[in-house]
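For reference, TrEMBL has these:
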{"type": "SIGNAL", "residues": "1-23", "note": "signal peptide"}
{"type": "DOMAIN", "residues": "27-352", "note": "domain 'Sulfatase N-terminal'"}
{"type": "BINDING", "residues": "ASP35, ASP36, CYS75, ASP285, ASN286", "note": "Ca(2+) binding site"}
{"type": "ACT_SITE", "residues": "CYS75", "note": "active site, nucleophile"}
{"type": "MOD_RES", "residues": "CYS75", "note": "3-oxoalanine (Cys)"}
{"type": "ACT_SITE", "residues": "HIS138", "note": "active site"}
{"type": "CARBOHYD", "residues": "ASN200", "note": "N-linked glycosylation site"}
Amino acid sequence: MSTQTLAFFCAIICCSWKEKAFAVSSPNIIIMLMDDMGWGDLGVFGQPSKETPNLDAMAAEGMLLPDFYTANPLCSPSRAALLTGRLPVRNGFYTTNAHARNAYTPQEIVGGISKDEILLPQMLKRKGYVSKIVGKWHLGHRPQHLPLENGFDEWFGAPNCHFGPYNSSIRPNIPVYNNSEMVGRYYEEFQIDRKTGESNLTQIYLQEGLDFILRQTQAQKPFFLYWAPDATHAPVYASKRFLGKSQRGRYGDAVMELDYSIGQILSHLRTLGIENNTFVFLTSDNGAALTSGPNESGSNGPFLCGKETTYEGGMREPAIAWWPGHIKEGTVNFQLANVMDLFTTSLALAGVSPPDDRTLDGLDLTQVLLNHSQTLESRPIFYYRGNELMAVRLGQYKAHYWTWSNSWDELKQGINFCPGQEVPGLTTHDQKEHTLQPLIFHLGRDPGEKFPISVLTKEYRDVLRRISPVVELHKKTLLPGIPQLNMCDVAVMNWAPAGCKKLGKCLKVPKSAPWKCDWPH
């Protein structure tokens, strides 16, 4: 096909929307990031409880990516990686307080996303995109770290997890923001009933997303919607309409409501006639939190362990790409992909050149998504826990250089990241180094990481010969960012956020007393 003919057909596609739709040079972008939702929570991945008809339909209408990963097995670092296209060890979302520790942004954290980082909405502004985040931010709650200071034009949601309720004289409840000012707090104006699990937050987040899409469509502006609800993060919640409706307790109820909400968003795009000009991608920030218990956590399918760990259950994520008329429906692609790829891919779709003054870990997946069966070069997946490279996947093989689930002390307290899944020598409760002789698994034959390949075999030697140079090059060229998650201080908690005076919700700020944060796992 000639270049002229190809351009002609592209022009036809771009101009053939319904009358009420408008023509723009770049597609709208919606990234839906679930919270602690596991790979095995979707019907399309084998979940038998039938909670995700809309997600399953989305997969049937788009592309399923079974080999999609997060950049870290914990919430804050994985979200920082998505929005910067860089590993947490590069963008500063890690700690050096102890070896291989997961760190995040509780409300006593002093740090947050560094001003040296460039976030996706900042880049998209170059093409006139209007950006909104709905839901959980989790990249720092101090004023300089909030979304509107980092490229977003609008925000409705909270800076931290919805833990609580708290005694406001000791620890404030988390604020909920509308743009740059708080409009209430969790467990106060925005209720979550810890006894019943009832909360209307997902419905509020749904409406915020629908309203934003409508406004930008009417304004004929390309938009980026980062929809990040947190109902599947403990304490799990759902609205009254969905409570008690699933076969998996409260967690399943939350999944059903999120599935319903995603169906509403996709239906809204069709009603507005912009589905052919809107790229939608759904994934999760990390694996299901198995330690939260059966009513508060999901399923990681056949994979080992869950959130907080660098086994497959902690970092392999559900992933669906949807773009009618562009992504061939009903396709499955086994490309090794990562949440950081969404940064680079979104820029490519928008026609924005990525920043050239820094190392990016995300790859442009447009050839994979739009050319259906094509895959990119064999790229590694790096499994980090804090400041340590724990494992590497290349092709079907995964090599563990360090193993650790969680400590013996935590295990004695009933905290177990791998309940019922202990694998001797792998799910260790002491940090074990295997650098000289890594544990290697073939994930195609053994997705549950139960049977390491014998070091005496030719297969082991051949794989090690392929993976070792990849690891050596990565470590040699890695320039870690300044760690942002080392210091804590009670004075920086959400005592008096912007807007609290209007509401009469300001609390007394205690004296500053900084300390090195303790990250137990």
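A Cβ is built for glycine as well, from the same backbone N, Cα and C atoms used for every other residue.
The Cβ of ASP35 (Ca(2+) binding site) lies under 8 Å from the Cβ of CYS75, LYS136, ALA228, PRO229, ASP230, ALA231, THR232, HIS233, SER284, ASP285, each of these being in the same chain and 6 or more residues away along the sequence.
ASP36 (Ca(2+) binding site) sits 14 Å from HIS138 (active site), taking the CA atoms of both as reference points. Its Cβ placed at the centre, ASP36 (Ca(2+) binding site) has 28 other Cβ atoms within 10 Å. Ranking the recorded positions CYS75, HIS138, ASN200 by other CB atoms within 10 A of the CB puts ASN200 at the bottom. Same-chain neighbours of the Ca(2+) site beyond ASP35, ASP36, CYS75, ASP285, ASN286, judged by a C-beta within 8 angstroms of the site's C-beta center, are, in sequence order, MET34, MET37, LEU74, SER78, HIS233, SER284, ALA289, LYS307. For ASN286 (Ca(2+) binding site), the same-chain residues 6+ apart in sequence whose C-beta sits under 8 angstroms from its C-beta are ASP36, THR70, ASN72, PRO73, LEU74, CYS75, SER78, LYS307, GLU308, GLY314, MET315, GLU317. For ASP285 (Ca(2+) binding site), the Cβ neighbour count at a 10 Å cut-off comes to 29, with all displayed protein chains included. For the pair HIS138 (active site) and ASN200 (N-linked glycosylation site), the Cα-Cα distance reads 20 Å.
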